[in-house]
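The structure appears right after this line, and notes come after that.
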Amino acid sequence: MESSLSRLLVGLSVQISRSDGRVHPATVKSVDTVKSTVMVEWHERNICRGKEVEVSELCTLNPDLLDHINAVTNKAADPPLVQDKKYEGRLRSSRIPAPSSFASRSQARQTCMFQAPAPVPAAAAAAPTSESSQANPETIRPDIPPSSVPTNSATLNKQRRKNEAKPAQLLPFVRESVKENEEPERMPPPPAVKGRRKSVAPQETNKGSKRLSCVIKPPEMQTKRGKFGEPSRPNQKFYEMIQDFRETLEIIPISSADLVEPHRICVCVRKRPLNKQEINRKEIDVVTIPGKGALLVHEPKHKVDLTKYLENQMFHFDYSFDETATNELVYKFTAKPLVQSIFDGCMATCFAYGQTGSGKTHTMGGDFTGRQQNSAKGIYALAAQDVFAYLSNRKYSNLDLSAYVSFFEIYNGKVYDLLNKKAKLRVLEDVRQQVQVVGLEEVYVTTAEEVIRMIQTGSACRTSGQTSANANSSRSHAILQIVLRRNDRASTLHGKFSLVDLAGNERGTDVSSNDRSTLVETAEINRSLLALKECIRSLGKNSDHIPFRMSTLTKVLRDSFIGEKSRTCMISMVSPGMASCEYTMNTLRYADRVKELNGNSKASGAAKSQEPVNSSSDEESVVDTSVYDAISQVAELEEKVYVELQRATELVKAMEQTSYNIESGLPDLVDHSRKLLDTVLALQSAVDQERMTRLNH
């Protein structure tokens, strides 16, 4: 049967499915009936490629193949009768007994050479003698072996009785058509005769048909693949367990028809879809959004005996958005209520937090097409459009307000103006203890299109780097501020809306790197995220003391944490892949603690009781902060050296004046030189201390 199936399939052009989902033709080269597989080959980019494909999968992609094989097999199993054919060869008569199996014509004749003797007359039969038998030798055919010829009457009678007990059935006179040059293998087998040995050829055909039925299964008997996808998926067991659990859930995603509830501190979470790299790796989605602010993480676990199981952890937030939610829907429930609050005199802040590649810049800045960003579809642009819509509203037109926009980034604790060629800025406090970003350019805007152009200009200048999650990852905190000022002489501040795109939080766990720039990034991200949570904690408790001086980020956002008119919204971005499960849990724990500060958290006790592993966002983190403290000390002394050098530049310009008096200016030179020397020596000592701390870590 293997050879017959090979003859049917080898050389056929069939459709096959690749692991990446492509379907293309290929040629069958060989058949393995034991494994029920076929080997196919095709040419791709001038390279001959091969693949082993199951016959059941082949029949699924090629529905006509099963009909073709069954038709040919049935035709071979039921050949036409001989009488239906007409031959032009010569005819002869015969009385040949029916053969037990199909054999060649010469074999059939040889088995029929010894025929039953003709009826003998009574006189001759009464006195048979051995002499008469010997006297008539012509009665014995010369081609009969001597052993088959009876030699005496006793032997003859014994043979006759034996033949009477089992008479040989003779065929009736038929006209046998014989073609002289026809091969015996192509002759159809004659019908079997009762009492003869059973034929072998039909058994071979039945055996082959039985094997064929095992190889080619009907569609209803084939293995189901629709529920759990491809069986070759990595971690297939976890995938099936997650799918079974999701079938028990009632999923009601958030929609634009739902009501927006007012919150002083709003915490929500957004899940992005699997990206192309995760789909190609057949990554498992471990995050489920049932709706109504709930989020489930199916955390894969192994027991001591390596048994796989899921630890389903539930989180509750104000809003939860699944992978189908658009930026417009997210904006409606998060930033849109804050836009209206700044017209009421509030200081609002909306920031996106999460792992690199989780969709923070996509949410805040707009959709990406390759590396090109459509800034008109981000929360930045949507907020700007609503600001000008409110300015034209009759309700707020009598306030006589004007809109100003500034866009800057914070990288390694330093501030850079993204609208002024990344000029370095300084963050200082004035005599009224108001934090001022010295040199920050505020641009007067009248339309949302101007704001979008500024967003595009600033985003192109933003500091980025390559990470394992994103080839063009933002490594800084980007802050877009929309400021409303009254049209009076003092340009009195009426309201401010700060939209913050935070740097990826996974860099905070990278403490094993020997690269100092990476450690500086880590220290600043850790400090800023911890300070941000502490400020929100104090805001939720209505505390008199707000620890905004802990980082540059919280210094800049001080207005959003002071006073009763402060509003804050946090959008936590999570990646759904199984490989990002640890970072996803750290992000959700951070957001859960922020929500906990507001006193309305409904998170499960299991989620609260677990401590993050290497979490960059918690004060209870197991990471030693001595390295970060040393780096922070170096950064502060570096800033002091910069200030002293700027003072030295002023002295140099003064000495260039023709009216400069060296005698009167010498004390200033000596005093400044001593300060500069002391600061530089302190910086050198701090750098040495940092190096020793890193070596001992």
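Note that Cβ sites are derived from N, Cα and C of the backbone, with glycine treated the same way.
Positions annotated as ATP binding site by TrEMBL: Gly354, Gln355, Thr356, Gly357, Ser358, Gly359, Lys360, Thr361.
Marked as compositional bias 'Basic and acidic residues' by TrEMBL: 176-186.
What TrEMBL lists as domain 'Kinesin motor' is 264-597.
The annotation region 'Disordered' is assigned in TrEMBL to 90-109 (among others).
Sequence annotations record features per position, and here TrEMBL assigns region 'Disordered' to 123-210 (among others).
Sequence annotations record features per position, and here TrEMBL assigns region 'Disordered' to 601-621 (among others).
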For Thr361 (ATP binding site), which of the three DSSP-derived states applies: helix, strand, or coil?
helix
What is the Cβ neighbour count of Gly357 (ATP binding site) at a 10 Å cut-off, with all protein chains included?
26
Neighbour count, 10 Å Cβ-Cβ cut-off, for Ser358 (ATP binding site): what number do you get?
28
Within 10 Å of its Cβ, which one of these binding-site residues (Gly354, Gly359) has the largest number of other Cβ atoms?
Gly354
